[in-house]
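Below: one structure, written as structure tokens.
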């Protein structure tokens, strides 16, 4: 059913529950101003938000209402799962907020520990291990924005939600592609056992920034075709990068002729095992998260999904690249150099 809601604001942006709750809105058949302009805007899975732009003050906005007059008794179909209003708007919501803050604090604490470790092993640190600090920072910023968006989705306090969500999308796109760039560079050994060629990192980051710029323009200008193309490319490119990295690591592990190469082989073998585990376990973890989402509390499923993401994106890369592993490489490199000098 279609209803008309009277408004005096130039921009109206309310939550799904407030729009459809009959107790919080004005009901009735109002006159519609033909000179006003109404625009419906949805943001991917958060299309429960709507922005209606009005040219003239005192005009009327079109809104939809459920068939039942009791707007509180309905389920929200969110990402294919039925979530009732009581699961999101309840008195115990503060507990989940504290848990979310604890998650962010844990990520920032882990970032601080990683920075301290890099400073402690500064003499034998790899360039790739310094880059991890930037990636963890992007991950923490991305998760923080995600938590803020989830808070604003079900409230009417966010006036510029669309711009806020675009910033989150760009940072998430940047973090994802930066992670893929880091994976392929590590698989090739750059910044670990091979020196980084001049301007190689700059070229890679420039490509990522250029892709982010095009993606941002597509979001800001509502070019959803470009967004869909980018999403399709991401889903196709990511498995290809993982498969190529795994194949290249298999090749690296076969070189065991000297002490140094033996140490490299152990290092790359550890990286190979982690890459295979992440590549195989990632779809299973996401599937398990979706099952939890459909059968348990919405907030609980989000927290478990964040835990899986932390293990996949942060814990395993940091385990592989932990600076204490550098001592074996440095030691065996010196042994190989001394053996070569004795032969000369």
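Cβ atoms are placed via backbone N, Cα and C, with glycine included.
When pLDDT values are averaged over the topological domain 'Cytoplasmic' (1-98), the model yields 43. The topological domain 'Cytoplasmic' annotation in Swiss-Prot covers 1-98 (among others).
Positions annotated as topological domain 'Cytoplasmic' by Swiss-Prot: 142-198 (among others).
The topological domain 'Cytoplasmic' annotation in Swiss-Prot covers 244-273 (among others).
The topological domain 'Lumenal' annotation in Swiss-Prot covers 295-344 and rests on sequence analysis.
According to Swiss-Prot, the transmembrane segment annotation covers 99-119 (among others).
The transmembrane segment feature in Swiss-Prot is assigned to 121-141 (among others); the stated evidence is sequence analysis.
Sequence annotations record features per position, and here Swiss-Prot assigns transmembrane segment to 199-219 (among others) based on sequence analysis.
If you look up Swiss-Prot, you'll see 223-243 (among others) marked as transmembrane segment, on the strength of sequence analysis.
For 274-294 (among others), the entry in Swiss-Prot reads transmembrane segment.
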Residue numbers, six or more beyond the limits of the transmembrane segment (99-119), whose CB comes under 8 Å of its CB atoms: 125, 129-130, 132-133, 136-137, 139-140, 143-144, 147, 299, 303, 306, 310, 314, 318, 322-323
